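Here the structure comes first, spelled out in structure tokens, and everything after it is commentary.
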Amino acid sequence: MRVAEAWRVALEALRANRLRSMLTMLGVVIGVAAVVALVAIGTGTKNQIENQVEGLGSNLLIVVPGRLEAGAAPTSSPLTLDDVEAVNRIVGDRSRVAVTISSGEAVRAGSRTGFASMQGVLETTPTVFVRRLDRGAYLTRTDVSTGRRVVVLGAGVARDLFGDRDPIGRQITIGGVRFRVVGTFEQLGQSLGVDRDGEVHVPVTAAQRLLGTERIDGLAIRAPDRERIGELSAAVVAALTDRHPDTDFSAVTQEQILGVLGDILGVLTGVLAAIAGISLLVGGVGVSNIMLVSVRERTKEIGLRKAVGARPRDIGVQFLLEAVLLTTTGGILGMLLGGTTALLVDRFTPVPAALTWWSMALAFGVSAAVGIVFGVVPAQRAGRLDPVVALRTE
Amino acid sequence: MTAAIVADNVSRTYQLDGVSVDALRGVSLTVETGDYVAIVGTSGSGKSTLMHLLGGLDRPTGGTLLIGGRDVARLTPDEMAELRNTTIGFVFQSFHLLARTTAQDNVGLPLVYRGVGRRERRERAAAMLDRVGLGHRVTHRPNQMSGGEQQRVAIARALVTGPSVLLADEPTGNLDSATGQSVLALLETLNADGVAVVLVTHDREVAARAHRQIRMKDGLIA
């Protein structure tokens, strides 16, 4: 029997039981749609987080005291601005080195109050990281060297304290100390689960005075090129360890952060796909069940086909194609449903979703495979029917 | 000229729930090319079993059976299917037409298993329907046709591959006598054109029209 003919017969048989075919297909549709949509959400989340990490700036090296290991106790930082001078000498370009000391502080402007993450920083921050200003100017080297009480507001803080008014030149208090607003940041939104718009940047020296400390939390270096990151990392860690023999220092690159996050999110996506795959499996069992019913119902037809010359294989192929047609049609519908769901989720909810061709191809391939796997037993049963017995069935 | 079917001391034993049932107990008969044979007997006499064997739907458990000169004991299931397709045409009491399928495609069904393309199948089927007097019913479905017309479609289907033997199992059993007569007349016309006809029936009048009768009783030729 020709393949085209077998497809035609299979299609005809499915059409004859339209409602039943559709209900059977529904199991596969839901399974495939779930796989496609959940993988899209997993992928979208992964892409978003990767973009956020990459959006911090390129060729970044972040140096913090302590070990970056699961279960490692947080280490109090021994770093001071003297250490930063030492690092500057290694890097050879102070504009490539940023520092931070952060603290959550209450902020107030007139009668309006709020809460901000105060970051004590050098004037180099916008060149090391990617931070764009909305209004005004960033901190200057003089601001830092003199410990001037000036502040650049995150978009969220600016809105909380000033609404639509221009905050440039106005006074706010941070932790009860008066600062003058010199600039505001562009809106950034959430990044890695942190509200970046809730930050306020002040000169590191002013922050140290406010907090009564000489310390800084850590520093970040923007390497001139990717190749030099490793070398630079080793040199900086060695120099800092030399100055503070009792403390471990860790240096991480964006690649390392991306690698770890990518692994975690990859596993998450895999788990989502596996859970969705279970529903696809259940759909396959439904197909198998209906095909067995179909073989029984059409015993007479099978007997007749055999009497006029159908080989066992012809009958088997016919029923197998029926099952495959059911599941692949379900697979295509499921892809459309899952894809549409993913696009709607991406557009109308905060959850990101990104369709990937491989998840679509995989879901389709799996649905075809489900048809074969779950169609084989009914097809074999049909192919092996004794024509004498089959014809006698009334 | 070789005989269409030669059965030599053929027996068929079924195992039903562990009990052996001898449906045929050594039957010898020859169906010559162009023969017109009636197999008669009461139900349970073994005539249906014999017909299944003669048609290659089943294999004997003893003796030798040659269909179209080929020993069925030596044939694989696929070769048996081919034999049914090319050498034998079946006509059943209850027609066994595919319900949702047109007369033309019902008649063309055996050609599907010969790998004949759809266009040629339809041409040959239409020609065969014309030959059985149903040239005006080509695109009708079984439920749009009378019993006699349905049986003619079945006969056209049996003939479409050009078999040498037509096996008809109670072909008039579901038809009124006038319609039955015309179906028989059709079979006889075809027989006159050279197709051997083997008719299984319990109707004496029908059997009497054949050139010879074989009477079955208790799994033997009486």
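Note: Cβ is positioned from N, Cα and C throughout, glycine not excepted.
Here TrEMBL flags A:21-238 as domain 'MacB-like periplasmic core'.
According to TrEMBL, the domain 'ABC3 transporter permease C-terminal' annotation covers A:274-387. The helix, strand and coil residue counts that DSSP assigns across the domain 'ABC3 transporter permease C-terminal' (A:274-387) are 99 helix, 0 strand, 15 coil.
If you look at the transmembrane segment (A:21-42), the same-chain residues 6 or more away from its ends with a CB under 8 A from one of its CBs are 14-15, 265, 268-269, 272-273, 275-277, 279-284, 286-287, 290, 326-327, 329-331, 333-335, 337-339, 341-342, 345-346, 351-356, 359-360, 362-364, 366-367, 370. Taken from TrEMBL, the feature transmembrane segment covers A:21-42 (among others).
Here TrEMBL flags A:264-294 (among others) as transmembrane segment. If you look at the transmembrane segment (A:264-294), the same-chain residues 6 or more away from its ends with a CB under 8 A from one of its CBs are 13, 17, 20, 24, 26-32, 34-35, 37-39, 41-43, 45-46, 49, 319, 322-323, 326-327, 330, 359, 363, 366-367, 370-371, 373-375, 377-379, 381.
With a cut-off of 8 Å between Cβ atoms, the residues of this chain six or more beyond the transmembrane segment (A:315-337) that come close are 1, 6-7, 9-11, 13-14, 21, 24-33, 35-37, 283-284, 287-288, 290-291, 294-295, 302, 305-306, 360, 363-364, 366-368, 370-372, 374-376, 378-380, 382-383, 385. The transmembrane segment annotation in TrEMBL covers A:315-337 (among others).
Marked as transmembrane segment by TrEMBL: A:357-377 (among others).
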Would you mind listing the long-range same-chain contacts of the transmembrane segment (A:357-377), meaning Cβ under 8 Å and 6+ residues beyond its ends?
28, 31-32, 35-36, 39-40, 43, 273, 277, 280-281, 283-285, 287-288, 291-292, 319-320, 322-328, 330-332, 334-335, 338-339
